[in-house]
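Annotation source TrEMBL lists domain 'Glycosyltransferase subfamily 4-like N-terminal' at 22-142. Look at TrEMBL and you will find 155-219 tagged as domain 'Glycosyl transferase family 1'.
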Amino acid sequence: MDVLLLWDDDLPFADELRKLNCCNVFVLRKSKNDKDVYNPTFIFKMRKFLKNYDIAHLHVFPSQYYAVFANLLNGSNTKLILTEHNTTNGRMSKKIFKPLERFIYSKYEKVICITEEINILYQNYLGLSDQLITINNGVDTNKIFNTLPYKKSDLGYTEEDRLLIMVARFNKQKDQDTFIKSLLNLPENYKLLLVGDGERRIDLEKLVNTLDLSARVRF
């Protein structure tokens, strides 16, 4: 098995994968601009990779689109599988995209949904049924069970502090904004830890500063 990334900027997950030395990690574009993933010329680069594999497992937009077109250029010789992570996307609200969405998803042998809610959503949205299967996200439980918990004092907090934590990528779907704003309705000793990274980090930091919550939110 190998892994192909559309884009990378020494992200922690990619680095962790390289340390495991379990597969080859290929990168189509390395840069500081995460918008580089939206480069349609990647279709032709992906085409060259797909020729070498019997099965390709795709995750999230736009790779799920690019892979379909790349595979069509190759005569559809590679079986495609997609894992669907999101309960919504920007295309769902625009009817003009629905025929294209139905075409793209029809080219996948199976669409793996990480929750039953997503499974039901895509049954209703695109009329999919036989292609859909629910497999909940896997977690390395040994790593969790063997991890020693931090003390509040290790993080600079007191025993009187009440700590809230959210572990998620900083993107629109995860909506850290609501969690941050909720502190305005909670006592001062409630503090928020946001664990993750992503394209909205700067926006979230600005929101924290605007609401004067810098002393209560830690990234």
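Cβ from N, Cα, C; glycine included.
TrEMBL labels come from automatic prediction, so no person has curated them.
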What are the DSSP helix/strand/coil residue counts across the domain 'Glycosyl transferase family 1' (155-219)?
24 helix, 14 strand, 27 coil
Determine how many residues of the domain 'Glycosyltransferase subfamily 4-like N-terminal' (22-142) DSSP places in helix, in strand and in coil.
50 helix, 25 strand, 46 coil
On the 0 to 100 scale, where does the mean pLDDT of the domain 'Glycosyl transferase family 1' (155-219) fall?
95
